[in-house]
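Right, one structure below, let's go through it.
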Amino acid sequence: MPVTTTSTTSNTTFNSLKSHNGVEAKLNLKPCNGKGVNHPLDPLSADEIAAASLVVREYLATQTTIKAVKFASSLHVPPSKSAVLAVLGLPLPRNAKIDLKSAQQECSRRMVEVQIIDAIEGSAYEVFVELNQNAGTIWKQNGPIAASGALQLGKVNKLIKLPYGAQPGLTPEEVNEAEFVLRKDPKVVQIAREVGVEPENLYADGWSIGYDDRFDPGLRLQQCLVYARKSEHENLYAHPMDFSVVIDSNKMEVLAIDFPRHRGPKGTNDPTSFDGQPGPITTNAEEAYEFAQRERIPPPMKSFDFLPDLMAQDPSMPPLRTDLKPLHVSQPEGVSFSLNGNELSWQKWKFHIGFHPRDGLVLSTVTYNDNGTVRPLFYRMSVAEMVVPYAEPAHPHPRKFAFDVGEYGMGTLANSLSLGCDCLGTIAYLDGSHVALDGSATTIQRCICIHEEDAGLAWKHTDYRVGGKVRSARGRKLVVQMISTVANYEYIFNYNFYTDGSVQLETRLTGILNLYCKRPGEEEEATYGVEVAPGINAHHHQHLFSLRLDPMIDGVENTVVQSDITPTPFPTGHPANHAGNGFQVNKTSLTKAGGYDWDSSKHRLWTITNPNKKHYASNLPVAYKIHTKDWDPLLARNDSQIGQRAEFAQHSMWLSKYNEDQLWPARKYVPQSRGIVSDSIGPWTKDQHSVEDEDVILWLTYGTTHIPRPEDFPVMPVEHLSVWLKPNNFFNFNPAHDLPQLDDKRSRLVVQGADNSNCCRA
């Protein structure tokens, strides 16, 4: 029910913003944390979040019957793409109808979407707040005292009740409360004690329940994966319990206890001997046992720790290494990049760095200064979704379909990064803020780190002739990094920018495997998992990410071209292929929205082209090509529960036309979602609308299929995934051609006193 209120008008604040083309624009922008907003896409400050919450509270108290509320998320609603591009002096979409003054006015507004839950009724709402010009400053100076005059902070433009069953993402507070609920529940305590675990040693990871038809979709649910812990910081994942618990996240009470079935020795109870159907909704242990058809399984109790003090107490663990000498990263003259608020400039690159509670790290308005000409490349890039489907079909394991972006939020779960450990060298940091359950702001300090790294040789050539010269240039990369912890797993996201005009999204996976107990006598070589330690089973699973890429390669209108590299069709001996060595590139413009698949047999690659601009020599469209080795397909069936909920993972790449409301491919409200809904990538592209020479969006599905190994336990070595965006007919020649030759006087030979005079001499 849309409702509009009035608000007081504040004094106008003007900030000067230097646009990408060097033109200075006067913007009517709000102070943020006491400083001027530098960029129309700046993330919400802690003060703005708190101010928006106060506006919502006062509105609910005076205009609705909602008596108690939980804040799930507060998201910055950005200005339109056309307005942002106009203000920054970048090329506009072909049919854009906006003048600079209107764009400045639009970019001066700070709009917030606040997602709330009626704590009594369980209904969820979207509240759209327009903050006043100085809302952040008023809150900073007055705090809660401003409650008596919340309207001076802003106004509610619209209140929307979400459809029944739509659930905002789980909050850190709800997830952290889960194990306390378990410890207080008499029946959970009873079944834990039956296998020798006292309630104070009972721990749980709260997960979104995924998909379970036994429950009313209107309930806000968590499934709790349960573990024992022998001491405060001991590795709890080494002691998985043989049951899981479902709780109501609004009432914080236990609804059901599930005991998964187990397979017997191979040949006696093979994978087809039970149907995987869910058991009854019950907290009665006897009923749950009857369904499981097995005896209780005590948790394995051998410790497998990774903290140094605990490792030192375990004689089975090796001592820490002492033979690694220090390796320092030093920049005695300082860094080569500069930060203006959230806007970064480095080596001809310029872009905006954003913190998003859901997407995590968001990069926007990426441009490259090509010999004095500012060339636009990407309007926005972020990891818009990811899914972790597990392979075990026995209930309740199929509920473990984690959508770590949509169900929890990569930004909300971001780490505060440590200097000299998480980030090495000379570091700049940015903070990020998100709303807490009570409406206050939570700030994660140093959650984004920025630094430079040596990237090895950028290029080299030796003239092998007598007296010939050698020329080499070392590459450099700029790293923008965020690390998020989602229960047991860590995800490291690095956006790397290179001196040759390339961009790389490097995703690293580490942390701890999701583990379950294995009973004595169970089949030795499990079909759906690996026994990584005695009695500890790690299920097979996948990690599939969706990179949402909004390109503007020399302009907003682009076309994606598919290139298949195949042998020439002429046989050996044919006049057109006498030696039989011919192969060719077959190009096809992808003109329709929809899903497309990588084909390794054809060395398939995709390029994002601007058909309206050609390279001066090749006469081919300017472009950036996409390169990755990590096109992993979804292994679950397309008509499966997860295949429908994560339809984006059914194809390597999707194309759609830009729509400002289409940000997340697996729908906006992911928790407890069912089937395919209109608000997801499949329906968006079903009409196969034109994406040729249009404002096109690419959704790239990359990932890995993880068959665990004992070496992944107790903590997993980093797994590397990588997506590259490389210039293709974009620059006149190698853009790293102008790199100077490095003569590093600090480099030394291992043998002390040896002559270093022949280093890097042409």
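In case you wondered, yes, glycine gets a Cβ from its N, Cα and C as well.
Listed in TrEMBL:
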| type | residues | note |
| --- | --- | --- |
| DOMAIN | 170-261 | domain 'Copper amine oxidase N3-terminal' |
| DOMAIN | 327-736 | domain 'Copper amine oxidase catalytic' |
| ACT_SITE | Asp404 | active site, proton acceptor |
| ACT_SITE | Tyr489 | active site, schiff-base intermediate with substrate |
| MOD_RES | Tyr489 | 2',4',5'-topaquinone |
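The separation of the residue listed as 'active site, proton acceptor' from Tyr489 (active site, schiff-base intermediate with substrate), Cα to Cα, is 10 Å. The Cβ of Tyr489 (active site, schiff-base intermediate with substrate) has 18 neighbouring Cβ atoms from other residues within 10 Å, across all protein chains displayed. Secondary structure of the domain 'Copper amine oxidase N3-terminal' (170-261) per DSSP (helix as H, G, I; strand as E, B; remaining residues coil): 27 helix, 30 strand, 35 coil.
In sequence order, Met386, Val387, Val388, Met410, Ser484, Val486, Tyr489, Tyr491 constitute the residues six or more apart from Asp404 (active site, proton acceptor) in its chain with CB-CB distances below 8 Å. When averaged over the domain 'Copper amine oxidase N3-terminal' (170-261), pLDDT in the model lands at 96.
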